[in-house]
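Student: Feature annotation from Swiss-Prot assigns domain 'ABC transporter' to 5-202. The ATP binding site feature in Swiss-Prot is assigned to 37, 38, 39, 40, 41, 42, 43, 44.
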């Protein structure tokens, strides 16, 4: 389990334009932080840089567990789960096939997958192909996949957007349990998360 993420002097550019620079952030076990800023400020790009999907113009992201530094590729492959604007679901699978496959692939088990399906009110949808689900149902499936995963660092890009009030409350409870168990959350948001989180301003 990761115990810290250390972002140092990070800068992100798009073409000739610097989105932000000299950003420092340390996130430790049991903490959540929200990235705030205007549209186009670089919040999603920051998440992608932490995930290793985008090369920063400057700076670094380092990871630590209880024994000290963890090689970045290992940390990302074994301890990180990112949920972006797109749900990243395979449309030809049934909801259960997708949830089960992704849960097992990230180190979880069928019991945790079934518990997550129940928590997000997906049981009646599990035999349906993902392509037949509504946008809100697909988001709930993606969140169930996240909840069933034992990975300690969650990177979330507008995770609450398509959810109704009841599902927002359910996901809020899942996030609270994740950080209470020593997990970490870094989220790009327009609206505040329903859990305690410090705010990090992103912008040039």
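Quick reminder: no glycine exception, Cβ is built from N, Cα and C everywhere.
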Student: Within 8 Å of the Cβ centre of 37, 38, 39, 40, 41, 42, 43, 44, which other residues of the chain have their Cβ, at the recorded ATP site?
Tutor: 19, 45, 188, 202, 203
Student: Mean pLDDT, the domain 'ABC transporter' (5-202)?
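Tutor: Mean per-residue confidence for the domain 'ABC transporter' (5-202): 94 out of 100.
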Student: Go through 38, 43, our binding-site residues, and report the one whose Cβ sees the most other Cβ atoms within 10 Å.
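Tutor: Per the Cβ count within 10 Å, the most buried is 43.
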Student: Output the one of 39, 44 that, of all these binding-site residues, has the highest number of other Cβ atoms within 10 Å of its Cβ.
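Tutor: Answer by Cβ density within 10 Å: 44.
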Student: I need the least crowded one of these binding-site residues (37, 40, 42), counting other C-beta atoms within 10 angstroms of each C-beta.
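Tutor: 40, out of the binding-site residues 37, 40, 42, has the fewest neighbouring Cβ atoms within 10 Å.
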